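According to TrEMBL:
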DOMAIN    A:2-77  domain 'Lipoyl-binding'
REGION    A:77-288  region 'Disordered'
COMPBIAS  A:78-104  compositional bias 'Acidic residues'
COMPBIAS  A:114-125  compositional bias 'Acidic residues'
DOMAIN    A:133-170  domain 'Peripheral subunit-binding (PSBD)'
COMPBIAS  A:178-198  compositional bias 'Basic and acidic residues'
COMPBIAS  A:249-258  compositional bias 'Basic and acidic residues'
COMPBIAS  A:259-272  compositional bias 'Low complexity'
COMPBIAS  A:273-288  compositional bias 'Basic and acidic residues'
Amino acid sequence: MVREFKLPDVGEGVAEGEIVRWLVEEGEEVSEDQPVAEVETDKAVVEVPSPVNGSVKEILAEEGEVVPVGNVIVTFEVEGEAGTESGEDEEPTESQEQVSEEPADIGGEPAITEADDDAGADAEPETPSGRVFAPPHVRRLARELGVEIGSVEGSGPSGRVTEGDVREAAESDDDEESKGPKQFDTELKSATRKRGEDREEGEAAEPADRERTLAAPATRKLAEDEGVDLNRVPATEERDGEAFVTPEAVREYAEAQREAQAADAEALAATGREGEREERDEREERVPYRGIRRTIGTQMANSKFTAPHVTHHDTAEVEGLVGARADLKARAEEQGTRLTYMPFVMKAIVAALQEYPELNASLDEEAGEIVRKNYYNVGIAVATDAGLMVPVVKNVDEKGLLQLAEEVEELAGKARDRSISREEMQGGTFTITNFGAIGGEYATPIINHPEVAILGLGELAERPVAENGEVKAAHTLPLSLSIDHRVVDGAEAAGFTNRVMEYLENPLLLLLD
Amino acid sequence: MVVGDIATGTDVLVIGAGPGGYVAAIRAGQLDLDVTLVEKDAYGGTCLNHGCIPSKALITATGVAHEAANAEEMGIHADPAVDMGGMVEWKDGVVDQLTGGVEKLCKANGVNLVEGRAEFADGNTARVAHGGEGQGSESIEFEHAVVATGSRPIEIPGFEFDGEHVLSSREALSLDSVPDSLVIVGGGYIGMELAGVFAKLGTDVTVVEMLDEALTGFSDDLAKPVIDNMEELGVEIRLGEAASEWHETGDGISVTTETEDGEETGHDCEKVLVAVGRQPVTDTLNLEAIGLEPDDGGFLATDDRARTDVGNVFAVGDVAGEPMLAHTGMAEGQVAAEVIAGEPAALDHQAIPAAVFTEPEIGTVGMTPEEAEEAGFEPAVGEMPFRASGRALTTGHTEGFVRIVADAESGFVLGGQIVGPEASELIAEIGLAIELGATLEDVAATIHTHPTLSEAVNEAAENALGHAIHTLNR
């Protein structure tokens, strides 16, 4: 038996995913829970596991393709169950069709076997009187996405419109819009072409001109809805010597008219647009703005335009820190751990946060409450090839320097090779961004909303420092603290930064806690 | 605005706390809108106070008495004594519990409750006149208004409701004693439901209907089991007779009816109940002030978002036109609130169920076979008579049948008609099937509990597919 596998909703609110890589090939044997594909959503890259033991029958989405959640991406041939290909077996019963355990079957619709699919292609999805068969949640989704549900071709049993169909239609609408003047639904067009004979695209059917046309009342209504004059529709039958028009003929005629109009519009716009595109193609490269890049963009804009940012700058003189790290580094290495400055900074921040809890908080705007966190999960912004990712080190206050060093390294590595899970990037209470690792002194970090503060670290380097009227060279660490001024005031920001500096200048103080 | 009068501001003003209005108010409250709900009479509207709930309470209570008295076949011999006062008191308790519940729910969802009668002053202001002397009035400024003022029983000339001799359904549901004899004018569903109630209480009931059939709007095969049962209960149904006048006699009244040919008949009785339909209440709202005009029937035209022609004014429930059903009002109320809150809601329901609480009950949803054909489908029809249902036999009610209508080509369920025990409940399954785009196979392959009446729905679907087990296939 053939099992269809739909792209599951791999994360909260995720509407689509890009197939990054197929991990299996057609014909390959797979076992339940074996990863079959890597899918990049706007949150993370995840592996999608097989729901069954069997073999891969057909891969239906290409690598790089963006697929709406709910669309079938692969089919499996399941061993030990009745096959449907022979054509000799009975139609599967409803209970066989239902893939009850399959987490991906989010719509709860029965999976369709190939046999059903074929039947669906033969049976016209259009129904009399323009009735569309779609459950209420799909209708609502269509309204949400601005999709006219009547124009969506259903891929469900007997042409029922599914969530995936609507998402796909929304996607193709978006594409249409970005290309220029809105055209008519391509799905609808192809459905018509199956029936339409050898008509060239854009060529309108020759209109008939009669004075009297016979048709059923439902057909007349259809013509009215489609804005078609029945007397102009070529008649397919005769009744009592008069032309008789079927709903089929009305639809075909209406579609042909639309195609002709669209072709006209296309022809008008074509010349200028083509030239423009060619020129642009030579000098520009267009990269799709989606996936993690788009998520970063949305997050940044959301944070910047929601939280009034104020950035407080200062510089810590960190000879003490440099010395402490130098003392401990060799010991750490003996234990197989590379000790950077980051664990010290994390400990200093947590110690300061314990004194300034208003910076370890978030704003629940809906409830009108400031949520102070009595736990310390520190996010570390990591630059990756895909863009900025923020793994979170949990419960920093409960961990020692070595453990922190190991966790930071492990999480940063996972972020860079994109094997990090969504859970490992969630639950942060405060964020550090270390732009100094690349070079530079001060910046304005954007808060990792809905947190209320972020500390940016400049480059730890030797700089001139004045002391008792003398200028000397000393190691300094520039700090840039951005705060959400709705929740945190400047005085608190300065107080917090001063405490962080104190701990960085005298790391021994951390031992007092 | 009255000089010195300070208007209260609100996001949403809902006028009328019936099923349409209170649902709109609660939903709007849930969506964080500031809502003010104005009610002139009692929370819950006609449905809870004077319609669905009290009538169903009395239908159930009289049904219990009637069943007990007629259960010899089951070996039960009883002669129940009905205390009408006690029955009405119980019914009032049910009503109070529900109306109190509505009030609590409104408050819990942050709805501001205002008692009084509201009318529009201009496109953003309404005045609310409080009941009682010296109670004054207040102005409410609104962003959006939802008109949910419901409907009232229609009076016919010469039969003004007086609460003594000429009753509306509202008064009939509050009688403290059982009338010896009753003429019911109108053979629609309200008239027939109440005819059943009073016949079971021992009243001598005559139904006079101007048209040539009772229960118009329902096909003959659905109406027949009901009418047969009425006649068995002793109800006299007189078709083609219009009530023309009434007068007092020595020990009661006499209602005169007239046929089309002018033939007059006098019907002596204790009281006459007029149940010829309901009309929307839109004449108290001063709609001119906002430039809104009801149609000839008094209804407000609305679009699929429950909006009237005036952009910020919505209409839900009976005022928004047929079908005048509480559940339609509730659905409209919900949509109106969500649209106001900017949600993508719309009234795009595929079918609205309806139920008549006669004995046996009637439940309908979606298309009949004829309607399906008219719409261009090739209907596939399946039926299951209740006399073949094990559960129906054990309840002692085997009259009626379940019919399911689908599109033969795709199998999609398009409609259903049920007459028989619990038809009002059973019809919901077919409604769900229609709404979800389920096919006959889906319904047929869904395992139903045995022994239940719902198996008849499953069996009807099997019958439409030609492989019913418990009945002969068509």
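Note that the numbers count up from 1, one per residue, in the order the chain is shown.
Note that Cβ sites are derived from N, Cα and C of the backbone, with glycine treated the same way.
TrEMBL labels come from automatic prediction, so no person has curated them.
Not measured: the values here are computed from a predicted model.
When pLDDT values are averaged over the domain 'Peripheral subunit-binding (PSBD)' (A:133-170), the model yields 89. Counting residues of the compositional bias 'Basic and acidic residues' (A:249-258) by DSSP class, helix then strand then coil, yields 10 helix, 0 strand, 0 coil. Each residue in the domain 'Lipoyl-binding' (A:2-77) gets a DSSP state, and the totals come to 0 helix, 40 strand, 36 coil.
Broken down by DSSP into helix, strand and coil, the domain 'Peripheral subunit-binding (PSBD)' (A:133-170) contains 24 helix, 0 strand, 14 coil.
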